[in-house]
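Colleague: Structure provided below as structure tokens; questions to follow.
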Amino acid sequence: MGSSSSSYAPKTVYLDVDGKVQKVVFSRHCSPCDIKELLCSSSNVPRNTAIMMVDPEGFPKINKCTVMYYKEDMFQNVLSQVADQFSRAFRINELKTEVTNRLAMLEKRVELEGLKVVEIGKCKNDLKKLRDEMTSRGGSRVNCPCKYNFDDGKKVTPRRDVPKYPKYTLSQDTIESLKKPTFDVWHWEHNEMLSCLEYMYHDLGLVKEFSMNPITLKRWLLAIQENYRSNPFHNFRHCFCVSQMMYGMIHLCNLQEKMTQTDMGILMTAAVCHDLDHPGYNNTYQINARTELAVRYNDISPLENHHCAVAFQILSLPECNIFANVDPEAYKQIRQAIITLILATDMARHGEILDSFKQKVDNFDFTNEEHVTCLKMVLIKCCDISNEVRPTEVAEPWVDCLLEEYFMQSDREKSEGLPVAPFMDRDKVTKPTAQIGFIKFVLIPMFETVMKLFPQIEEIMVQPLRDSRDHYEELKQIDDAMTEVEPILSIWVLSYILNSRLGKKTKEEKRYDQ
């Protein structure tokens, strides 16, 4: 028992650790590996520590055999383990650097976006103040957007329902007057104008020629009407006015006998669509103000290009596509022809188009495609600016509407610091001065050129233009006379008032009193 128990007694070791004897007791269960771990562990043995085994009095137990352990040696034991971790550690650092850089970029972007939001808010407030100020100065004229944006326009929405605009039954008198330039466009409501347009397409045989679904024609006309804005001049009534004049010229000039049915469809459809979604501000404003339309179309006929785009956006809707049953190749030609005519309504191209027509008119050939295209361009131009062909009581209100739209634009141009055309400036233009030059140098020369090809229009269309020119020249003479008389009359009135108060009246003034 005794020998057996002593063999399992705890083991004691005495160590000299840097000159200090320390007693270390090991359990009977400890192995030599445990002792080695105690001595070699970097956490238990400080760096550069000298260790040797001694007896209880501190004398070396082994002949001068000193066991020295250095922490540097312990590092060698783990170097192999640390080395294979270095490559991974470097990649982590690279990833950390990349993440830090990206976070910095995101923070900078967030900061910039925040500044943009602040600036946009300031701009909106400034615009609101400007609109309020202009409204207080000029009444209710300034209602249109400052600069045209696509989002400001009406959306083209599908219409799969059967159109239900009130049907107007045309009388025989109305049918006959529709074919004449004397037609009074002011007496008709929108549903009545829609019915008249629908009748024109049926009467000209276009519904049959293009195999149009009558319901689709109704939907298309409704979509057209909905996409004209409520401008003083460029509105749906103007669209109807131009289309009715085109219908009248087709009959007056017997165009159906000289041109194809496809040409008739192109002429009528271009007339109906020629000013779609007009914002009420002309191309000059669009370009000078650098609006979205001007930027989109590179300052080249921005409005006319937009009218074309809206027209074919409507036609792209299956429920509004009046050319759905036309052969694809034929449709491409119709589309190109309609675009050509609408682009021809840009007055910046007036001289170019008229000169081209003058070169062809003396030897005009209806079998020559180039000649016919040029004629169609001139015809839509004539219809677009044909108000003065109509009777004075029909034409003159259109002048007031046009001047109102001009004044809206010039007021906005002044407020935005943009150039103002003299013929649009409310402080410089009068009705006679606005019309005389336009009739003399634009309308009469163009209609007289068309008259060479169609002599029958002289009495019905050209002579009214000459009469209108004479009418406005008489009005201008009256205005000029009044301008000369006004200072003299003002002096006389002032003299009369002063003498009345002083009781000193001349014989003429006393006679005036009697």
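Residue 1 is the first one shown; counting continues down the chain.
From the backbone N, Cα and C atoms, a Cβ is placed for every residue, glycine too.
Grabbed the feature section from TrEMBL, which reads as follows:
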type: DOMAIN; residues: 158-479; note: domain 'PDEase'
type: BINDING; residues: H234, N235, F236, R237, H238, D275, D384, Q435; note: AMP binding site
type: ACT_SITE; residues: H234; note: active site, proton donor
type: BINDING; residues: H238, H274, D275, D384; note: Zn(2+) 1 binding site
type: BINDING; residues: D275; note: Zn(2+) 2 binding site
Colleague: Within the chain of Q435 (AMP binding site), which residues six or more apart in sequence place their C-beta under 8 angstroms from its C-beta?
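Modeller: Listed in sequence order, they are E388, V399, S468, Y472.
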Colleague: Between H274 (Zn(2+) 1 binding site) and D384 (AMP binding site), how many Å separate their Cα atoms?
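Modeller: Spelling it out, the Cα of H274 (Zn(2+) 1 binding site) and the Cα of D384 (AMP binding site) are 9 Å apart.
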Colleague: Rank the binding-site residues D275, D384 by the number of other Cβ atoms within 10 Å of each Cβ and report the first-ranked residue.
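Modeller: Highest number of other Cβ atoms within 10 Å: D275.
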Colleague: If you count CB neighbours within 10 Å, which one among the binding-site residues H234, H238, H274 has the smallest count?
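Modeller: Checked H234, H238, H274; of these binding-site residues, fewest Cβ neighbours within 10 Å: H238.
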Colleague: With the Zn(2+) 1 site defined by H238, H274, D275, D384, which remaining residues of that chain have Cβ atoms positioned within 8 Å of the Cβ centroid?
Modeller: H234, C239, V242, A271, H278, T345
Colleague: Let me make sure I understand the span of the AMP site: among H234, N235, F236, R237, H238, D275, D384, Q435, what is the greatest distance between any two Cα atoms, in Å?
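Modeller: Max span of the AMP binding residues, Cα based, is 23 Å.
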Colleague: For N235 (AMP binding site), what is the tally of other C-beta atoms lying within 10 angstroms of its C-beta?
Modeller: 19
